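Participant: Quick one: structure below, then a few questions.
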Amino acid sequence: MSAPALKQAPVNEFSRILGIGAHRPDVIVTNDDVCQWIDSSDEWIRQRTGIVTRHRAPAETSVIDMAEGAAREALEQAGIDAAQLGAVIVSTVTHPYATPSAAAALTDRLGATPAAAFDISAACAGYCYGIAQGDALVRSGAAQYVLVVGAEKLSDVIDNHERTISFLLGDGAGAVVIGPSETPGIGQSVWGSDGSKWNAIGMTHSLDEVRKLGESARHSDETDDLAIISATQDIWPTLRQDGQTVFRWAVWEMAKVAQQALDAAGIEASDLAAFVPHQANMRIIDEMVKKLKLPETVVVARDIAESGNTSAASIPLATHRLLQENPQLSGGLSLQIGFGAGLVFGAQVVVLP
């Protein structure tokens with residue numbers, strides 16, 4: 001039985017990033033501030049991570065608030081009205097609701113209804129995942145313009161007294177608008193995962209554990225079970241990591257992925273204007289630069305010194321700062337790579353807006 005041919009949307013041969021925006025909370029937390037909670041020092045943190053400060057959002061500021069600030073700047077720079085957006089993608093692991101999505105609320109705030117809206121949970125690789133999807137949506141004709149946001153309020157999911165990850169993390173949001181282009185503006189994405197290291201970065205409790213502890217707590221007054229009462233005081237899930245496992249994986253495996261992204265884009269390292277890796281640790285960044293044998297002409301993003309590790313927001317935030325400090329890089333090629341909990345990774349070469 002033959003069926004009528006299905007009508008297809010007009011396609012765009014190429015896409016590119018048209019504008020970029022950022023939101024950095026006003027509260028700045030120094031290493032000395034962090035050392036009030038953990039037994040460490042400013043010198044140790046600088047030497048081991050390269051971090052000097054990180055931004056933290058006040059209690060009343062949400063992931064959606066920060067995403068909105070970054071999105072409005074990106075839209076303005078792109079010269080696009082929110083009503084023209086066909087899709088809104090928010091990459092985050094800190095939106096406090098499993099559903100509805102942060103993207104749906106952001107779409108309404110921006111006046112982008114009825115654009116498609118969804119969140120991505122790919123941790124520190126989330127922004128690169130969003131770029132891959134935004135690129136595909138524009139080129140397929142499913143959306144003419146796509147807003148991609150990386151937004152995190154990691155201060156909501158850290159235990160300040162925990163030593164493996166809390167001192168690394170900051171808050172913030174970065175956003176870009178992707179639209180059609182007459183020339184290639186986003187290279188082929190290289191992405192994947194290694195679930196064998198699923199436990200290397202994660203949360204101290206699952207929602208199921210929270211529920212069970214909550215049920216037990218309701219009976220604690222009757223039973224005087226001090227162990228249960230104590231456990232409920234630590235019920236909120238917070239981040240933790242196996243730092244050595246993550247460091248070794250990032251240094252040895254992610255340089256290979258970055259090289260694959262260069263190969264997929266058909267360019268050499270010498271063709272790059274910039275390198276913007278996930279801002280996880282300055283030592284990881286430096287090791288990747290060595291393994292990729294990047295020439296000194298390539299400007300390397302090191303926003304981690306001032307912003308810390310902001311997970312899905314780190315690459316757009318670092319790119320935004322890079323362009324502010326080096327406006328001549330606009331129009332040049334940038335290799336970006338994200339990697340994090342899962343473990344997951346994503347990379348692509350893009351033309352800087």
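The chain as shown is numbered from 1 upward.
Using N, Cα and C of the backbone, Cβ positions are placed for all residues, glycine too.
On a predicted model such as this, the values are computed, not experimentally measured, just so you know.
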Participant: Kindly point out the range from 4-8, 244-248, 279-283 that TrEMBL annotates with region 'ACP-binding'.
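Facilitator: Here TrEMBL associates region 'ACP-binding' with the stretch 279-283.
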Participant: Which whole-number value in Å describes the distance between the Cα atoms of Asn309 (active site) and His278 (active site)?
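Facilitator: Cα to Cα, Asn309 (active site) and His278 (active site) are separated by 8 Å.
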Participant: What's the CA to CA span in angstrom from Cys124 (active site) over to His278 (active site)?
Facilitator: 7
Participant: Is it possible to list how many residues within the domain 'Beta-ketoacyl-[acyl-carrier-protein] synthase III N-terminal' (118-195) are helical, extended or coil according to DSSP?
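Facilitator: Once the DSSP states are binned, the domain 'Beta-ketoacyl-[acyl-carrier-protein] synthase III N-terminal' (118-195) shows 26 helix, 28 strand, 24 coil.
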Participant: Over the region 'ACP-binding' (279-283), what is the model's average pLDDT?
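Facilitator: On average, pLDDT over the region 'ACP-binding' (279-283) sits at 96.
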